[in-house]
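K.L.:
My questions all concern the structure below.
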Amino acid sequence: MIKLGSHVSFKSPNYLYDSIKESIKNGANCAMIFLGAPQNTKRVDFEKYQYEKYLKDFSNLIKPEDIVVHAPYIINPASLEKADFAISFLSSEIKRMDKAKFKYLVLHPGFYGKNNVKDSLDQLARSIQKIFEITKDSNVEIMLETMSGKGSEVGKSYEEILYVIDKVKSPRLGACLDTCHVWDAGYNINDYQVFKDELIKTGILKHIKVIHLNDSKNELGSHKDRHANIDKGLIGLKNLKRIVHDPIFENIPIILETPWTEKGPIYDQEIAMLLEK
């Protein structure tokens, strides 16, 4: 089954209910939300989610486990100086997700800053191990997102993501493949068979449980991270459609994070375009 949706807003007054209502209107069967603004860690009480109303009206169309949660961008679990805050916040975020039976938490791996890459990857692994200890009774899984290599980002290669997965050794840790990010990091999606073979050869394919499907405004290997609308960037519609329809990605939530136009988001048009055979 193809699972295709988008990032949708999560805001007052109806929070989750309106998020999923919008997703269904767009023709989606999965969705991604932030449980607050992407740039901060403020959170509302679970009672405001309108969760029971969502279950009653929409859970037959988009199940709780097909609602992906994205962690705030400002969290840096790879930082030797800021890891304690990341551990505390992400542990609390997982407990919030447990209440709603959400399954996947997408996490940017973080930045190495003034430290070196290996020390930061080791810190990231320690942070995740600690989070899993604190939330040992949880079913929530953390998905480390593949990054573009902008600035001092860690997670810019499959090997860096796999290094952390291998150190943590938990079935609760996997990967989120972002097409714009891997393109900007130097993985050529336009040579689709080579791209796919590398996913298999490196061993990361079996860990991918969420996909962010975005076109890119920049050249291959640019390390920029600038998303483009579907078929408006340098990856192009053909190869993004190949990902959507490839059986190896069956039943994986595929989430659009493409830019808004002057008239607002066009996720409905992009979803329809991608589902067309």
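The backbone N, Cα and C atoms fix where each Cβ goes, and this holds for glycine too.
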K.L.:
Suppose a student reads Swiss-Prot and sees GLU145, HIS212, GLU257 listed for Zn(2+) 2. Which of ASP66, ASP84, ASP98, ASP178 should they find annotated at that same site?
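P.N.:
Candidate in the recorded Zn(2+) 2 site: ASP178.
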K.L.:
Which of these, HIS70, HIS108, HIS181, does Swiss-Prot say binds Zn(2+) 3 at the same site as ASP225, HIS227?
P.N.:
HIS181
K.L.:
Looking at the binding-site residues ASP178, HIS181, ASP225, GLU257, whose Cα is closest in space to that of GLU145 (Zn(2+) 1 binding site)?
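P.N.:
Result: the closest of the binding-site residues to GLU145 (Zn(2+) 1 binding site) is ASP178.
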K.L.:
Using an 8 Å cut-off from the Cβ centroid of GLU145, ASP178, HIS212, GLU257, can you name the remaining same-chain residues around the Zn(2+) 2 site, in sequence order?
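P.N.:
Other same-chain residues with Cβ inside the cutoff are VAL106, THR146, CYS176, LEU177, THR179, CYS180, HIS181, ILE211, ASN214, ILE255.
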K.L.:
Given GLU257 (Zn(2+) 2 binding site) and HIS227 (Zn(2+) 3 binding site), what distance in Å do their CA atoms have, once rounded to a whole number?
P.N.:
8
K.L.:
Based on DSSP, name the secondary structure state of HIS227 (Zn(2+) 3 binding site): helix, strand or coil.
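P.N.:
Once the DSSP labels are grouped into three classes, HIS227 (Zn(2+) 3 binding site) ends up as strand.
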